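A.B. asks: Found this in TrEMBL, in case it helps:
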DOMAIN    41-290  domain 'G-protein coupled receptors family 1 profile'
TRANSMEM  23-47  transmembrane segment
TRANSMEM  59-79  transmembrane segment
TRANSMEM  99-120  transmembrane segment
TRANSMEM  140-158  transmembrane segment
TRANSMEM  204-226  transmembrane segment
TRANSMEM  238-260  transmembrane segment
TRANSMEM  272-292  transmembrane segment
């Protein structure tokens, strides 16, 4: 129960990067550039895949889903972050904070799970090439993608629902540039035990179990590549999964750096850096990694936009 001299918080203040005012203009220009490149790059990937029947394959179907997740992830926080960088204060309503928390967590967790699905797709393509068509048929791929979106939506709804049950009595300054679970829990004046337990379970599933499944998939992939007799075959097989492997390493580095730790040991500076990595840098680099290293996507873009031809 709240005491009479306690007031429920109806608005939060995002700390952002206000502790470094001398860098805010530079950060605004940098983040605006990253956001623009992320939006343009991921939209181009979606257009290239949807408008080119030659890219109607499982790998590109999952890549389309990844691009959509990247757009949701970065768009859920960047407009507010950019506004905060040019304002003296960055308020966000309680409802707006919960909405931001939901869509960001939904997209970020979906991306982790989708990366595991994409690793399985590469495993099926390289380790079982003769049965790949049956293993990754259209219906199964659609079911996997729908399962990723639905499972993560339900998981995020649970975490957001548990967050809305907490009382926030003040202070109301979130030590981050977006609404995130750990700093919100630290502001709560009610018990956060259930929230903390659910966070540990989510970390175990998304961070550890998914990571292990991805590692196992690549263990089989590398083993199959090493057994190939020709260097040309090895090179071709590795090229089909190298882009995904780079994205996996980059994304999990950010996640492990910031979130595989107890809420009590939350570090604002470390979390902000990781937040930049997975909400801005990763969505920006993903389309560049997949297009610059993929001849089929580049060919589809040139067909879609003839002026890109040399």
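In case you wondered, yes, glycine gets a Cβ from its N, Cα and C as well.
Help me picture where these features are in the structure shown.
C.D. replies: The list of residues near the transmembrane segment (99-120) in space but at least 6 beyond its ends in sequence, with Cβ under 8 angstroms from a Cβ of it, reads 59, 62-63, 65-66, 69-70, 72-73, 76-77, 80, 92, 144-145, 148-149, 151-153, 155-157, 159-160, 163, 178-181, 184, 202, 206-207, 210, 213-214, 217-218, 244, 247-248, 251-252, 255, 278-279.
Here the transmembrane segment (140-158) has Cβ contacts under 8 Å with residues 58, 61-62, 65, 102, 105-106, 109-110, 113-114, 117, 121, 198, 202 of the same chain, all six or more residues outside its ends.
Within the same chain, residues 59, 111-112, 115, 118-119, 122, 125-126, 182, 203, 206-208, 211, 214, 218, 221, 225, 270-271, 273-275, 277-278, 281-282, 285-286, 289-290, 293-294 sit at least 6 positions outside the transmembrane segment (238-260) and bring their C-beta atoms closer than 8 Å to a C-beta of that stretch.
Tertiary proximity for the transmembrane segment (272-292) is limited to same-chain residues at least six positions away from its ends with a CB under 8 Å from its CB atoms, namely 17, 31, 34-35, 37-38, 41-42, 44-45, 63, 66-67, 70-71, 73-74, 77-78, 104, 108, 176-178, 180, 243, 246-247, 250-251, 253-255, 257-259, 298, 301.
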A.B. asks: By Cβ distance under 8 Å, which residues at least 6 away from the ends of the transmembrane segment (59-79) in the same chain are close to it?
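C.D. replies: Sequence-remote neighbours of the transmembrane segment (59-79) are 31, 35, 38-39, 42-43, 45-46, 49-50, 100, 103-104, 106-108, 110-111, 114-115, 117-118, 121-122, 125, 141, 144-145, 148-149, 177-178, 240, 278-280, 282-284, 286-287, 290, 296-297.
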